[in-house]
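Visitor: Below are the features listed in TrEMBL for this protein:
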- CYS67-CYS187: disulfide bond (DISULFID)
- CYS102-CYS112: disulfide bond (DISULFID)
- 324-434: domain 'Fibronectin type-III' (DOMAIN)
- 435-530: domain 'Fibronectin type-III' (DOMAIN)
- 541-564: transmembrane segment (TRANSMEM)
- 624-885: domain 'Protein kinase' (DOMAIN)
- ASP749: active site, proton acceptor (ACT_SITE)
Amino acid sequence: MTYQRFFFMFALPGLVLSDPSHSNQVVLLDTTAVLGELSWKTYPINGWDAITEMDEHNRPIHTFQVCHVMEPNQNNWLRTNWIPRQAAQKIYVELRFTLRDCNSIPWVSGTCKETFNLHYFEIDEPHGANAHFNPNDYAKIDTIAADESFTQTDLGDRVLRLNTEVREVGPIARKGFYLAFQDVGACIALVSVRVYYKKCPSTLRNLAAFPDTVPRVDSSSLVEVRGACVENAEERDTPRLYCGADGDWLVPLGRCVCSIGYEESDSLCIACRPGFYKAFAGNIKCSKCPPHSSSHTEGSSQCHCERSYYRASKDPPTMACTRLPSSPRNLVFNINETALFLEWTPPSDTGGRKDVTYDVFCFRCGADGQACEPCNSNVRFIPKSTGLTSTSVVVQDFVAHANYTFQIEALNGVSGLGRSERQLANITVSTEQAGPSLVGVVRKDWASQTSIALSWQETEQPHAAILDYEIKYYEKEQEQLSYSSTRTKSPSVIVTGLNPSTVYVFHVRARTLAGYSSYSPKFEFATGDENSEEAADQGQVLVIVTATVGGFSLLIILTLFLLISGRCQWYIKSKIKSEDKKGTQYQNGHVPFPGSKTYIDPDTYEDPSQAVHEFAKEIDPSRIQIERVIGAGEFGEVCSGQLRIPGKKEIPVAIKTLKGGYTERQRRDFLREASIMGQFDNPNIIRLQGVVTKSRPVMIVVEYMENGSLDSFLRKHDGHFTVIQLVGMLRGIASGMMYLSDIGYVHRDLAARNILVDDNLVCKVSDFGLSRVLEDDPEAAYTTTGGKIPIRWTAPEAIAYRKFSSASDAWSYGIVMWEVMSYGERPYWEMSNQDVILSIEEGYRLPAPMGCPVALHQLMLLCWQKERSRRPQFNDVVSFLDKLIRNPSSLLTLVEDVNSFPVTPEDMPDYPLFISIGDWLDSLKMSQYKNNFIAAGYTTLDSISTMSIDDVRRIGVSLIGHQRRIVSSIQALRLQFLHVQQSGFHENWTIYPEEPQ
Ligand code: ADE
């Protein structure tokens with residue numbers, strides 16, 4: 001029996017091939033689903049074997065096997081049929097196979113292999129039946145090795161170890177391709193081949209439908225897809241989704257809303273049921289019809305009013321239908337000689353409305369009370385006859401000894417719609433008691449620009465002696481709006497103070513002991529114009545009046561000025577007081593410099609969204625162009641893109657999104673960062689461009705920093721920068737922190753991971769949000785007091801009793817200095833948080849990283865003083881770093897040079913952490929070099945303490961990062977975690993370089 005035969009016997013039985021369904025995969029080939037022959041080609045013909053068995057459901061299992069392990073120089077090819085590419089740009093090939101371990105086969109060493117090769121060939125159409133196979137057409141995708149090979153024992157146990165390997169191929173441009181499997185002498189059973197491409201499956205989001213979309217081959221860029229609103233929905237902001245490389249939809253933007261008469265249900269818009277309506281497009285539910293209305297069809301935008309009920313044109317559809325008011329009640333009159341008072345009470349039924357008014361209708365009737373006619377226009381109603389809002393009216397200038405009928409109608413907003421249902425109150429009045437007009441014709445004697453002289457005659461036989469006359473007048477143009485009156489004892493008057501070239505209406509009545517007579521008819525007279533002779537003597541008056549008015553105006557202006565300026569002073573003072581009040585919300589007792597800005601904690605706002613709107617600009621989402629996803633935050637994806645501001649150049653931005661399904665608290669916490677960032681204005685603090693809060697997703701838009709976060713940037717560019725460049729970065733961070741401490745903001749999570757770097761190496765402080773920052777920070781651990789704190793970066797007093805201050809930020813700044821100078825090394829390496837806390841408590845501090853200038857390490861040590869008041873303030877740090885930059889020779893002395901004296905184990909009395917080379921390397925995650933150390937004779941901690949970087953290189957540590965880590969730790973061992981309390985230089989600022997003269 002050949003090995004091939006032997007292998008076959010065990011390859012097939014018992015195999016269970018799962019068939020996972022992947023909604024974002026489009027399968028181009030799946031051998032487990034092919035029911036007929038596969039008809040793949042083999043070259044040479046006796047290389048690979050096709051074996052088809054039937055499973056318990058009588059479905060074929062296609063397997064290809066090869067096992068020419070005894071013969072050298074194998075080159076056996078198995079080629080699939082032509083596979084159409086369809087819409088794929090990048091394809092995935094999933095292989096399941098078993099592979100036999102060569103060690104398990106005797107006498108095959110040298111000929112037996114444990115890998116095979118996967119190839120492909122792109123071509124627009126399938127080869128003809130007789131086409132010659134040419135391996136040179138094929139490009140290699142990869143060599144496939146088994147994760148699990150099986151042995152003779154496994155065969156005996158009938159255990160099959162199935163390997164699954166997936167390879168990506170792309171971009172594919174031709175219409176199709178072949179795959180080929182090249183065996184070079186292994187024992188393989190290829191159990192299934194699945195070829196697929198990924199797509200973002202069609203979906204409904206925000207009431208918009210998005211089609212199946214194939215992602216870009218370049219996995220870092222997203223495909224923007226516009227959605228189409230579902231039926232009965234309309235677009236608000238253009239709905240968009242981004243299709244990511246793995247076939248996942250990301251970042252929904254814009255939305256559709258259900259149209260009038262439709263509401264959302266399960267991502268669709270369904271019609272309102274009868275009895276319900278929806279009058280506006282939007283994501284609101286259908287509402288029940290308001291009182292006295294109903295809808296009988298589905299999808300109603302309005303409900304129709306019941307009989308005798310109406311909706312006025314200005315009534316909102318949400319309002320109940322209303323009807324006409326009933327008639328006014330209790331209509332009464334009261335008459336004296338010249339005036340008739342009508343009074344009533346409101347209707348018992350206002351029709352369900354509040355806009356009730358009244359109209360008065362007047363009819364003069366014959367003696368028998370019959371044959372009524374509308375009153376003539378002489379009869380006047382005060383204040384008016386229509387649209388009365390009060391329940392009384394005065395009637396004047398009616399004829400004495402006559403019969404009148406008055407009708408009062410109550411009206412409301414729907415009275416015009418139901419005329420037939422009007423109800424009026426009537427009253428009949430006889431004017432027997434009213435007095436006659438005692439004044440006949442009124443004449444104009446003369447007129448000037450501002451005066452008119454009038455005279456009149458009494459009618460004969462007045463009933464009683466006339467006491468005086470009342471002359472009532474008004475501008476004809478402004479009839480009834482306002483009037484003036486004057487009195488005279490004689491039957492003439494000069495009415496003054498009139499406007500030039502204006503027609504006035506006059507009427508006169510007499511007063512007797514019995515009261516007033518009725519008014520004379522109306523007479524119209526005009527004042528003169530400028531050219532009229534009568535006006536000549538008025539010039540002087542005009543001058544006097546103008547002078548008087550001018551002087552008076554000046555007086556008024558002066559008075560107003562004094563008043564306003566006094567008031568302004570009061571306003572300014574009170575404003576200062578109120579600003580003072582705001583200012584008292586200083587963080588941590590911070591008192592700002594006079595005139596400096598003060599940070600306001602957004603949590604002091606009763607309504608946190610008010611803080612967002614006060615400090616952050618709302619951005620129209622259509623101005624944001626999302627380009628790619630650059631990370632994932634606690635609240636959602638972080639994307640990069642462009643912000644288009646009209647009239648300005650596009651700005652590259654980073655966009656933090658709040659993923660759907662958030663709680664109100666999450667939204668508040670998310671936006672808190674914007675409320676904080678929006679208060680900052682400094683070149684070393686990440687700049688907020690604005691927020692999107694009025695549409696989904698909620699976003700925070702900030703300036704884009706090309707080099708991402710500082711820790712990973714440094715790790716990626718280990719050893720690439722000059723010391724001056726590193727100090728420049730530290731200077732930027734210190735300057736940002738100086739700004740924050742000046743305005744009273746305490747960061748609490750200052751660490752290299754929270755610094756962003758732009759393409760000019762400018763470092764900016766980011767990640768604001770108080771407690772939230774710490775929730776989000778994977779470094780933050782819970783302390784015994786329950787707080788979540790990034791232990792390695794945090795000052796002891798902040799860990800112990802949460803005393804966070806600018807001084808605790810200074811401690812963190814020292815750690816950031818250390819991270820920068822060690823190119824992103826982890827502070828305290830792999831020590832546990834507990835050991836870090838204990839070591840700090842015992843007075844130990846991080847040693848200088850390799851290549852670190854003494855001056856910088858000393859600054860770090862100052863930042864790490866236990867007594868927080870002794871730590872430098874950020875302005876000290878900035879000026880110190882400025883001096884170093886201006887005097888680069890001060891950076892030439894490295895810590896290695898200073899500490900080149902040998903340190904013996906006796907000098908390290910109680911080094912607590914490691915007992916053997918193995919332990920030490922384990923703690924550094926460098927155990928792979930244990931043999932190198934031992935082989936080179938470094939078997940004790942004592943012996944390594946004198947090693948230099950060259951020694952480390954010589955024993956075979958070739959990676960610069962590893963050399964760095966090991967040498968730093970050797971320094972740590974030698975220096976015994978330098979004891980700050982004993983160093984005594986914390987107050988000795990003279991060690992710092994002087995500025996060059
Ligand atoms: N990651 C988070 N914020 C960023 C920013 N502003 N620029 C670049 N990458 C970021």
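Placed from the backbone N, Cα and C atoms, the Cβ positions cover glycine too.
Curation plays no part in TrEMBL annotations; they are all automatic predictions.
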Visitor: Taking helix as H, G and I and strand as E and B in DSSP, count the residues of the domain 'Fibronectin type-III' (324-434) in helix, strand and coil.
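Guide: Summed by class, the stretch gives 6 helix, 50 strand, 55 coil.
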Visitor: Across all the protein chains here, work out how many other Cβ atoms are within 10 Å of the Cβ of CYS187 (disulfide bond).
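Guide: Taking every protein chain into account, the count is 28.
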Visitor: Quick check for the class: what is the C-alpha distance, in angstrom and rounded, between CYS112 (disulfide bond) and CYS187 (disulfide bond)?
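Guide: Here the two Cα atoms lie 8 Å apart.
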Visitor: Just to verify a number: CA distance, CYS67 (disulfide bond) to ASP749 (active site, proton acceptor), in angstrom, no decimals.
Guide: 60
Visitor: Just going by other Cβ atoms within 10 Å, which of the recorded positions CYS102, ASP749 has the emptiest spot?
Guide: CYS102
Visitor: Provide, as an integer number of angstrom, the distance between the C-alpha atoms of the residue listed as 'active site, proton acceptor' and CYS102 (disulfide bond).
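Guide: That comes out at 55 Å between the alpha carbons.
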Visitor: Can you give me the Cα-Cα distance between CYS187 (disulfide bond) and CYS102 (disulfide bond) in Å, rounded to a whole number?
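Guide: Computed Cα spacing between CYS187 (disulfide bond) and CYS102 (disulfide bond) is 8 Å.
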Visitor: What are the DSSP helix/strand/coil residue counts across the domain 'Fibronectin type-III' (435-530)?
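Guide: Helix (H, G, I), strand (E, B), coil: 3 helix, 51 strand, 42 coil.
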Visitor: Across all chains shown, how many C-beta atoms besides its own are within 10 angstroms of the C-beta of CYS67 (disulfide bond)?
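Guide: So the number of other Cβ atoms within 10 Å of CYS67 (disulfide bond) is 25.
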Visitor: Which value does the mean pLDDT take for the domain 'Fibronectin type-III' (435-530) in this predicted structure?
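Guide: 83, rounded to a whole number.
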Visitor: DSSP three-state call for CYS187 (disulfide bond): helix, strand or coil?
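Guide: The residue in question, CYS187 (disulfide bond), is strand (DSSP, three-state).
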Visitor: Does DSSP put CYS67 (disulfide bond) in a helix, in a strand, or in coil?
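Guide: DSSP assigns CYS67 (disulfide bond) to strand.
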Visitor: Around the Cβ of CYS112 (disulfide bond), how many other Cβ atoms lie within 10 Å? Please give the count over every shown protein chain.
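Guide: Neighbour count, Cβ to Cβ under the 10 Å cut-off: 23.
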Visitor: So, three-state DSSP: helix, strand or coil for CYS102 (disulfide bond)?
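Guide: In three-state terms, CYS102 (disulfide bond) counts as helix.
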